[in-house]
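Participant: Can you keep this structure in mind? I'll have questions shortly.
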Amino acid sequence: MSTSTLKSEQRPLTQQDRELIMATQEGLPLVPDPWGELGRQLNMAPEDVLARFQEMQNSGVIRRVAAVPDHYKLGYRYNGMTVWDVNDEAIAEMGQQVGDLPFVSHCYRRPRHLPYWSFNLFAMVHGTSREEVEEKAQRIKALLGDTCSGNTILYSSAILKKTGLRLRKQQPTP
Amino acid sequence: MSAIAKPSNRGNSSTEIPEFTDTERAVINRLQYGLPLTPAPYRDVAEELGISEQMLLDTLKALLANGTLTRFGPMFHAGEMGGGLTLAAMRIPSEDFERVTEQVNSFPEVAHNYRREHELNMWFVLATETPDGIADTIQRIEALTGHPVYNMPKEQEFHVNLHFEV
């Protein structure tokens with residue numbers, strides 16, 4: 001399930017896609033025929049609604065149509081952003097290996113900002129205790145070996161905002 | 001009880017791990033993987049879990065109502081929508097933290113914002129309608145707050161699979 005990103009050609013969203021995204025930002029209708037319900041709202045045929053969703057999922061605009069839990073409420077109260085200073089020559093290979101670990105939810109290469117920030121590999125690890133997060137970080141450290149010259153774990157101490165991604169209404173074209 | 005990962009703004013239930021019924025557990029675990037894009041998707045998932053479609057929909061509604069699930073719907077990939085997406089961080093002195101939080105959160109482009117324990121103590125995700133919007137938003141945040149913003153866009157994605165088993 002890992003995905004190295006090589007961006008496919010970007011196609012702009014169709015007007016119908018935008019309308020479907022706007023209509024489902026709060027969520028998919030919880031009725032037996034969600035496509036029909038959306039079709040009624042947007043004056044589209046249910047099969048077309050479903051086809052647009054399939055197309056958006058295939059092209060990657062939508063990762064999936066899924067439940068997003070409040071991980072704190074599931075008991076995963078410790079989210080540790082583990083960050084690593086990995087040799088530039090090794091990071092493509094090692095990043096993939098870290099990303100493949102089953103307990104790593106997101107894994108990205110990002111730029112350094114010296115002197116404040118020397119870490120170029122980010123791997124998000126969640127646990128039900130701080131010990132669990134640290135034990136998982138130790139396994140990443142063992143995997144990276146001497147390709148890594150420094151690391152730390154940033155815990156979140158407060159959620160300051162969590163609204164998710166939002167598409168704003170487009171200005172009507174004059 | 002630890003003061004470390006205490007999520008604020010989360011209501012008072014954050015310190016208790018709720019007990020889930022078998023059905024709730026199955027729905028939470030299954031639906032994080034995604035709904036099949038079929039003509040009757042809820043019926044298909046219900047069949048897979050061995051429950052009725054109505055039971056699935058009722059359970060889903062209840063889990064959303066009590067906040068166990070924050071959302072059920074399409075998970076958009078901002079980068080693929082032709083927009084801009086990045087992670088950014090700031091170093092904010094503690095006496096300034098509250099003011100800067102309010103200022104940063106006032107930007108609709110800021111999707112998530114976390115306080116983290118590090119010299120770089122504020123971390124937020126920016127999502128903009130166009131790729132150019134990122135640099136512009138960062139400039140406006142710097143101008144409003146008076147603090148530099150460290151932009152950390154992803155250079156390579158190795159894995160995204162957020163799944164919490166209960």
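Any Cβ shown, glycine's included, is placed from N, Cα and C.
As annotated in TrEMBL:
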- A:17-63: domain 'Siroheme decarboxylase NirL-like HTH' (DOMAIN)
- A:73-161: domain 'Siroheme decarboxylase AsnC-like ligand binding' (DOMAIN)
Participant: By DSSP, what is the split of the domain 'Siroheme decarboxylase AsnC-like ligand binding' (A:73-161) into helix, strand and coil residues?
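Facilitator: Output for the domain 'Siroheme decarboxylase AsnC-like ligand binding' (A:73-161) reads 27 helix, 38 strand, 24 coil.
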Participant: Restricting attention to the domain 'Siroheme decarboxylase NirL-like HTH' (A:17-63), give the mean pLDDT.
Facilitator: 94
